[in-house]
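The block underneath contains the structure these notes are about, expressed in structure tokens.
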Amino acid sequence: CQSLPNNCIFQLLGLSIATLSTVTHYGLQFTLISDISLESNSYRFIHYAAFYFGICLSMTLILAALLSSAATVRESQCLTAMGFFCFALAFCGLIPATCWRYMHSTEVEDSMMDVYDFVYEEVRRNSSSFRRHELTAIHEAFLCCGKRSPFGDTTNVEHKTCPSGQIHNAVQDCLQEIRNFLRKHMDFVSTLLGVTIGFMV
């Protein structure tokens, strides 16, 4: 690594993207929303697409770095060409991913909040619904409690599904908590993509 610092950086970036993709796919909040979402909701598709795209991108970066390292050691033009092709492939994947992140910044957010709205309304209409367990799981995962009411009161939904101690905490509105959680995660994704593009350029 001391003689080939750039290749080591790309390997680390590839591992970072793979780690972030895995956390996004298997993280409690993400899997919970994905399992609950209906077929008509776009979140489940985005959830799986992001994971597989991230894994493919990370493997391409790692392979490009390994090929470049081998090409440097062996002074092979064939390995150099293969490494360059992998870097070009990764770069062609990074650009549309970054553009999608900024052009569709609210799509993931809206789809996640739609899932919460659907489950919340199902429980509100029928308190004995099996959806109550799903709503309780969302409240526990995001450490939030129902929807903020303009009148400051709570409904039976909050009393039956919120973690103890959070029922009267107005700050913990679930829609706002989901939005804040996702924006922090997407900011981290944007930073990682930006750093990777910067090193590739």
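Even glycines carry a Cβ here, placed using N, Cα and C.
Please treat TrEMBL annotations as automatic predictions, because they have not gone through curation.
Annotation source TrEMBL lists disulfide bond at C144-C174 (among others). Taking the Cβ of C174 (disulfide bond) as centre and 10 Å as the limit, one finds 23 other Cβ atoms among all the protein chains shown.
The Cβ neighbour count for C162 (disulfide bond), using a 10 Å radius over every protein chain in view, is 23. The annotation disulfide bond is assigned in TrEMBL to C145-C162 (among others).
Taken from TrEMBL, the feature transmembrane segment applies to 12-33 (among others).
Cβ atoms under 8 Å from those of the transmembrane segment (45-67) belong to residues 7-8, 10-11, 13-18, 20-22, 24-25, 30, 33-34, 79-80, 82-84, 86-87, 89-90, 93-94, 97, 107-108, 111, 196 of the same chain, restricted to positions at least 6 beyond its ends. Among the features that TrEMBL reports, transmembrane segment is placed at 45-67 (among others).
Sequence annotations record features per position, and here TrEMBL assigns transmembrane segment to 79-103 (among others).
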